[in-house]
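Following: one structure in C-alpha cells, then a few remarks.
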Amino acid sequence: MSKVKADKQSPKENTKAENSDNESIDDTASVATSTTSRSKSPGSRGRRQSRGHSKSKAKRPAYKYDCHLKEDHGQAIFGVSFNHLLGKDQSMVFATAGSNRCNIYECPRKGGLKLIMCYADPDPDEVFYTCSWSYDLKTSAPLLATAGYRGVIRVIDIHRNESVGNYVGHGQAINELKFHPRQANLLLSGSKDHAIRLWNIQTHVCIAIFGGVEGHRDEVLSIDFDLRGERIMSSGMDHSLKLWRIDTPEFKDKIEMSRTFNPNKSQLPFPTIMQHFPEFSTRDIHRNYVDCVQWFGDFVLSKSCENSIVCWKPGQLHQTLSQLKPNDPSCTIISEFNYDECEIWFVRFGFNPWHKIVALGNQYGKVYVWELDPSDPRHTHSSTLNNIRCTSIVRQTAFSRDATVLVWVCDDGTVWRWNRRNAEVHTP
C-alpha cells in the first residue's frame, strides 16, 4: 500500500526553493471577481429547494498576489497553519506540512516570505499531512504539533527546534490535528483508524477515544472544536458528520485529572474515556467523502468532492444544540458556496479567526474567496484568485490573524502569499 493516498500524490522534483516576490502581478496573474448570493432555503434533512440569486455589482478582489516559493523536497505540501496565538505587534508566522518536514515561515510586513526554521522528522518515510499551533504553559514557547502517514504525533518546540512530545496510539495515519481553543494543552487527532483521540500534551496522556459502536465507519478526515471548546464536529470517508460533547461532568473530571496525572507515580494507567456514542450524526449533507469541516458559530461548514461548501445546522433551525434529541439525524441546510473543478478529496478550506472570510483552492491552482455576512451566511461576496504560474492542486489555505495575508500550499511543493488590498477586516 502506498503511504500517500492516490489523490494526495504529486510528481517528485528535487529543485531548490526559490522566492518569486519580485515578479510583477500584472504579468503573472489574472483575477476574476463577482459578488453573488448563492443560497438555498433551509430544508430539513437535506431537502433541496431552488437557489436564489441577488443582483449586485462586481468589485475588485480583496487580495493581491505578493510572492511564492518552492520547497526543495519537491513533494506535495498537505497542510498549512498560521500561529494565531502571537500578539498583534509580533511577526506573522505560519507552518507548512509536507514530505517529512515542517517549515516555519515569517511574513514580513513589507512582503515576501522568510524561512526561519525547518524541522525534519528522523523517519525519512514519514509524510506529514497536518499541523496545528499551541504554546508551552510553563515557558510560553510556541509549540507546533504535526502528524501524518506514520500515525505518530510530534510536538515541536520552535525555540529549540526539537520534538518535546511523541504520541503513539492511533493504529494508522493521522489526517488532522486541532488544539482546544481555550486550553492550550489539549490536542485532538483524527485518524485513518476510524477513531478520534483527545490528548493532554503537558502530562502526555490520552484523555478520551471517540469511536466504536456508533463512531465513524471509515477514515476520520477532519475534526474541529467549537469556539467554546465544548463540542467537537468530525467528518470522514463514511460520508457522515458527527457531533461529540466534551462538556459533560465525566469529561470535565477526566480533563482536570489529566492535568496532574503522573504515570511515574501511579500504579495504574490513566483511565481513558471510551466514547462510543456521538451526540448527533448525519449522512444527509454529503454523498461522498467529507474531507473538511469547521464550526461557524452554531452552524457548520463542510465540504466533500461535490464542488460545494455547505453551511448547515444540526437539528431544526429554531433548535439550540443543547435541544438536540438522541438518534434524531435531522439537519437544516442554510446555504451553499459553489465552486468549480475540485472533485478530489483532501482539499481543505481556510477560515479567518473571526469567521468572516472563507478560502478554498481547486485542483488547477485557483482559489475561491467568500466574504460572509455575519448576520446572514446566505449573503456573500465571492472572488476568484488566479496566477498563471499556479496550476497544481491547492491542498489547503490559511489566513493570518488579522486576515491581511492569505497563504496556500500546493501539490508541486509551492507556497503562495497574497495580501489584502485594504484593512476592512477588523479584529476585536
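Backbone N, Cα and C define each Cβ position, glycine as well.
Summarising the annotation, Swiss-Prot assigns region 'Disordered' to 1-61.
Here Swiss-Prot flags 1-19 as compositional bias 'Basic and acidic residues'.
Summarising the annotation, Swiss-Prot assigns compositional bias 'Low complexity' to 27-44.
The compositional bias 'Basic residues' annotation in Swiss-Prot covers 45-61.
Residues annotated as repeat 'WD 1' in Swiss-Prot: 72-115.
Marked as repeat 'WD 2' by Swiss-Prot: 124-166. For the repeat 'WD 2' (124-166), the residues of the chain that approach it from at least six positions outside its boundaries are 3-4, 8, 75, 78-86, 93, 95-102, 104, 117, 172-179, 184-185, 187, 189, 191-193, 199, 201-202, 204, 346, judged by C-beta separation under 8 angstroms.
As annotated by Swiss-Prot, repeat 'WD 3' applies to 169-209. Across the range of the repeat 'WD 3' (169-209), the DSSP-based residue counts are 0 helix, 22 strand, 19 coil.
A Cβ distance under 8 Å defines the sequence-distant neighbours of the repeat 'WD 4' (215-254), meaning residues of its chain 6+ beyond its ends; these are 175-176, 178, 180-183, 186, 188-192, 194-196, 198, 207-208, 271, 273, 275-276, 278-283, 285-295, 297-298, 300, 302, 304, 314, 321, 324, 345-346, 348. Marked as repeat 'WD 4' by Swiss-Prot: 215-254.
Taken together, the residues in the repeat 'WD 5' (285-322) have a mean pLDDT of 93 on the 0 to 100 scale. Residues or ranges marked as repeat 'WD 5' in Swiss-Prot: 285-322.
Under the heading repeat 'WD 6', Swiss-Prot lists 341-380. When the repeat 'WD 6' (341-380) is classified with DSSP, helix, strand and coil residues number 0 helix, 15 strand, 25 coil.
Residues or ranges marked as repeat 'WD 7' by Swiss-Prot: 389-427. Here the repeat 'WD 7' (389-427) has Cβ contacts under 8 Å with residues 10-11, 13, 20-21, 28, 60-82, 84, 86, 88, 92, 94, 96, 98, 105, 107, 111-113, 344, 346-354, 356-357, 359-367, 369 of the same chain, all six or more residues outside its ends.
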